[in-house]
Amino acid sequence: MQHNSYRRWITLAIISFSGGVSFDLAYLRYIYQIPMAKFMGFSNTEIGLIMSTFGIAAIILYAPSGVIADKFSHRKMITSAMIITGLLGLLMATYPPLWVMLCIQIAFAITTILMLWSVSIKAASLLGDHSEQGKIMGWMEGLRGVGVMSLAVFTMWVFSRFAPDDSTSLKTVIIIYSVVYILLGILCWFFVSDNNNLRSANNEEKQSFQLSDILAVLRISTTWYCSMVIFGVFTIYAILSYSTNYLTEMYGMSLVAASYMGIVINKIFRALCGPLGGIITTYSKVKSPTRVIQILSVLGLLTLTALLVTNSNPQSVAMGIGLILLLGFTCYASRGLYWACPGEARTPSYIMGTTVGICSVIGFLPDVFVYPIIGHWQDTLPAAEAYRNMWLMGMAALGMVIVFTFLLFQKIRTADSAPAMASSK
């Protein structure tokens, strides 16, 4: 990073932890669905409604979150978002009725998506110039994973200390998350700088955001290239959530063992592979995050080909685990780098937030359709056919990533060569 390196690393860690754990109460169902039904009195259908309420609101708010990131103080927005999310969590800990929970979920979407999502990514990206984006975003993704994993393990330990029928157990977990959010919000106030100061540190022209910039962002080809790269990688991320089902149904692995593999892939790999992608861009000959994603996508495509070949006659569970882990590595390393692509493409800082918001809307669309499609295959087809279709979907997604990283890198190379040509004249 640049001047005052230690403070910037601390700032990056605080932003990353905040951005990572802030979603945990909104997605409480992922770990605590049974306790939610038992202690909060919701049916599984109602819990599904609670989740979909947040998801729909999030999709709507991704694009406006970019405008927020470009118009308002990063320090004030991140601090406010974390503290308000913590206060909402304290309300959630009272075990409110369904209509209140739905309102809380909408409020969570406002604080974590509208106020925090694009702001946190832009604030992190401004901690370095375009050549440092791979390192910054890689470590951001890894630190997010560390924060999520650490807090999840701690709250699970606290939850396990209570009797199975003690309703205080879930309440305590929610309160712990809420207090952590508020404390992180306070830390953000002292460590996160306002975007005006960061622009000055990077010697960039201070420009105010205008409504016409939204259309300008949509007219920039690299916005669409970055969006489609994220779209493809996120499709693989969604597919990996079925790894537990795949190992149990196709290889006969026990549910407990497969669940541990799910933790390794979804928690540990997220913490390790994001920084690893940044390290590759920093210390290898391939300095470009876009090129690294392309190489990882080729490796992922070969892995999916192997999974497709072994799908019809699975025999070695070790091979199945190895291939899933390899696919997980390519996915999480790419996730740690894809937000570096707009910065590498020299997106101006004054529209970086809007770019992130638009890329989020397009790139995260697989979150809407992948799960229903794969679920339909699982319900209507034999397991082997369902997972064959899933691997084919993944291959199509990575093929798209390879194409759009090629197009994006061509644009980046052209932009990099322009200053050199100008200086030689």
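Each Cβ is built from the backbone N, Cα and C atoms, and glycine gets one as well.
On a predicted model such as this, the values are computed, not experimentally measured, just so you know.
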Open item on the list: When the topology given in Swiss-Prot is taken at face value, are P348 and R413 found on one and the same side of the membrane?
Closed with: yes
Task: Contact ranking winner - 49-69, 314-334, 355-375 against the transmembrane segment (97-117), Cβ under 8 Å - done: 49-69
- [ ] Could you check if the transmembrane segment (9-29) is in contact with the transmembrane segment (76-96), meaning 3+ Cβ pairs under 8 Å among residue pairs at least 6 apart in sequence?
- [x] yes
Task: Positions whose Cβ lies under 8 angstroms from the transmembrane segment (355-375), at least six residues beyond its ends - done: 55, 59, 62-67, 69, 117-118, 121-122, 214, 217-218, 220, 223-224, 226-231, 234-235, 237-239, 241-242, 338-339, 342, 347, 386, 389-390, 393, 397
Open item on the list: Is it the case that the transmembrane segment (76-96) and the transmembrane segment (389-409) touch, counting contact as three or more CB pairs under 8 Å in which the residues of each pair are 6 or more positions apart?
Closed with: no
- [ ] Decide whether the stretches the transmembrane segment (389-409) and the transmembrane segment (220-240) have at least 3 CB pairs under 8 angstroms, with pairs required to be 6 or more apart in sequence.
- [x] yes
Open item on the list: So if I exclude everything within five residues of the ends of the topological domain 'Cytoplasmic' (335-354), which remaining residues of that chain have a CB under 8 angstroms from its CBs? That is, six or more out.
Closed with: 63, 65-70, 118-119, 121-122, 125-126, 130, 133-134, 136-142, 195, 198-199, 202, 204, 206-209, 213-214, 216-217, 220, 222-223, 225-226, 229-230, 233-234, 237, 270, 273-278, 281, 288-290, 292-293, 363, 408, 411-412, 415
